[in-house]
Amino acid sequence: MLQEIGGRHWLMLGLAVLAQAVSSIVVNGMAFLIPQLNSQWGLDLTGAGFLIAMPLLGTMSTLILWGAVIDRIGEKRSLGIALTGTTAALIASALSNSPWQLGLFLFLAGAATGCTNSAGGRVVVGWFPAERRGLAMGIRQMAQPLGVGIASLLLPAVAHGHALQTSLAVVAGIAAVVTVACWLGISNPPRRARRTDPGTENPYLRSSYLARIHLVSAILVIPQFTVWTFSLVWLLGERRLDPVVAGVIVAIAQVAGALGRIAVGVWSDRSGSRVAPLRSVALAAAAGMLLLALTDYLGSPISIALLLIASVITVADNGLAFTSVAEAAGPYWSGRALGTQNTGQYLVSAIVPPTIGALIGLFGYPLAFALTGLAPLIAAPLVPGREAERQASEAAG
């Protein structure tokens, strides 16, 4: 029988989405300020790229540390402190008058906002029952494209009519509003006392379940970031599409990908398993990328449709793996486990663009897409079985 979900559950989910959207704006949205970095400070692409990478580097450096803090003091205080720090760093960024100052404060903003990845996930897993977590986590995973979408519409428009610092002040304002909302609205999920909870045991010592999920997730980043990074340039250069048409296709792919995350979350709720859909998604991603490679090699217009399909499939695993990690780690280890999960994914995501870009330069898109399609084929057999999933969840309490 499904547990009744009340308004408080949805409030927690909504606040988790807002917190993660702020993180997405900070980490992914600064790229939309590259023209202003060039015109205002004369930075070339290398210098601008260094600055916009600072939030990501900051986030990567603190994910596991924030996980330990969240496990220690809970989600409410962690999110409140982190978002307060993010807002302060963004205000300092808006007051910066040199590239090195901006880089420093963007790094600190990224370091602070890294908390939202684990804390928001724990809020969702803690407040929603197992039979609804897939849906809830799928909705939360929409926060990343939501944040990127807000940044793409807002930051260039503000920066065009005002200074670079004005755009950063607007982001600081958004972060401040969400900070107040989370301080007032977030509540720690109800959980059993630590002394009687079997989940206090280190889950990494119980089995290899979490390590395998981490590895699978890191491998599945390869096709995801290949499609994300090179879809627009491929549509323009290989398919010779008009820039506006290509942009619309990429936007449709983002929206479809977000909806796809919700769909596979519901699928996992109904099947009673995260790992069975995860394995199916990995195999589907392999098929999608290999078919994309074949149709691109043949010069078929069907390749455009397959790019859309691949864009949906290759992001569908994120919520499944994230939920699985939180459930298997338990309430007193999930912060560190989710931090480890995200760290591995961020590391691979930093390697994929230059590596796949080099492969495309040497051998062309078809072979690069085909090689990318091998990654999920490698990942699929590494996904733990349903019995291992059951044992891990039961041991976590």
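Yeah, the Cβs are placed from backbone N, Cα and C, and that goes for glycine too.
Just so you know, TrEMBL annotations never went through curation; they're auto-generated.
Fair warning: this is a prediction, and the values are worked out from it, not measured in the lab.
Among the features that TrEMBL reports, domain 'Major facilitator superfamily (MFS) profile' is placed at 9-391.
Per TrEMBL, transmembrane segment is recorded for 12-34 (among others).
The transmembrane segment annotation in TrEMBL covers 46-66 (among others). Using a Cβ-Cβ cut-off under 8 Å and counting only residues 6 or more beyond its ends in the same chain, the transmembrane segment (46-66) has close neighbours at 23, 26-27, 30-31, 33-34, 37-38, 78, 82, 99, 102-104, 106-115, 117-119, 335-336, 339-340, 342-343, 346-347, 350.
Away from its own ends, the transmembrane segment (78-96) comes close to residues 19, 22-23, 26, 66, 69-70, 102, 105-106, 108-109, 111-116, 119-120, 123, 165-166, 168-169, 171-172, 175-176, 178-179, 182-183, 186 of its chain (Cβ-Cβ under 8 Å, at least six residues beyond either end). Taken from TrEMBL, the feature transmembrane segment applies to 78-96 (among others).
Only residues 6 or more beyond the boundaries of the transmembrane segment (102-125), in the same chain, are considered here, and those with a CB under 8 A from a CB of the stretch are 12-13, 15-17, 19-20, 22-23, 26-27, 30, 50-52, 54-63, 66-67, 69-70, 75, 78-79, 81-83, 85-86, 88-90, 92-93, 96, 133, 136-137, 140, 143, 186, 189, 322-323, 326-327, 331, 334-335, 338-339, 342. If you look up TrEMBL, you'll see 102-125 (among others) marked as transmembrane segment.
Per TrEMBL, transmembrane segment is recorded for 146-163 (among others). Note on the transmembrane segment (146-163): residues 17, 20-25, 28-30, 32-33, 35-36, 40, 170-171, 174, 254, 258 of its chain, located 6 or more positions outside it, place their CB under 8 angstroms from a CB of the stretch.
Among the features that TrEMBL reports, transmembrane segment is placed at 169-186 (among others).
Under the heading transmembrane segment, TrEMBL lists 215-237 (among others).
Here the transmembrane segment (243-264) has Cβ contacts under 8 Å with residues 134-135, 138-139, 141-142, 145-146, 148-149, 227, 231-232, 235-236, 277, 281, 304, 307-308, 311-320 of the same chain, all six or more residues outside its ends. The annotation transmembrane segment is assigned in TrEMBL to 243-264 (among others).
The transmembrane segment annotation in TrEMBL covers 276-295 (among others).
Summarising the annotation, TrEMBL assigns transmembrane segment to 301-325 (among others). Taking Cβ pairs closer than 8 Å, the transmembrane segment (301-325) reaches residues 121, 125, 133-134, 137-138, 140-141, 210, 213-214, 216-217, 220, 223-224, 226-228, 231, 234-235, 239, 241, 249, 252-254, 256-257, 259-261, 263-265, 268, 274-275, 277-278, 281-282, 284-285, 288-289, 291-292, 295, 334, 337-338, 341, 389 in its own chain, all 6 or more past its ends.
For 346-368 (among others), the entry in TrEMBL reads transmembrane segment. Long-range contacts of the transmembrane segment (346-368) within the same chain: residues 56, 59-60, 63, 218-219, 221-222, 225-226, 229-230, 234, 238, 293-294, 296-297, each at least 6 residues beyond the stretch ends and with a Cβ under 8 Å from a Cβ of the stretch.
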Response to the item:
Across 12-34, 215-237, 276-295, the most C-beta pairs under 8 Å with the transmembrane segment (169-186) come from 12-34
Response to the item:
Residues outside the transmembrane segment (12-34) whose C-beta sits under 8 Å from one of its C-beta atoms, at least 6 past its ends, are 45, 48-49, 51-52, 54-56, 59, 79, 83, 86, 90, 106, 109-110, 113-114, 116-117, 119-121, 123-124, 127-128, 136, 139-140, 142-148, 150-152, 155-156, 159, 164, 167, 171, 174-175, 178, 181-182, 185-187, 189
Worksheet item: Which residues of the same chain, at least 6 past either end of the transmembrane segment (276-295), have a Cβ under 8 Å from a Cβ in it?
Response: 216, 220, 223, 226, 264, 267-268, 302-303, 306-307, 309-310, 313-314, 316-317, 320-321, 324, 365-370, 372-377, 379-380, 383, 386
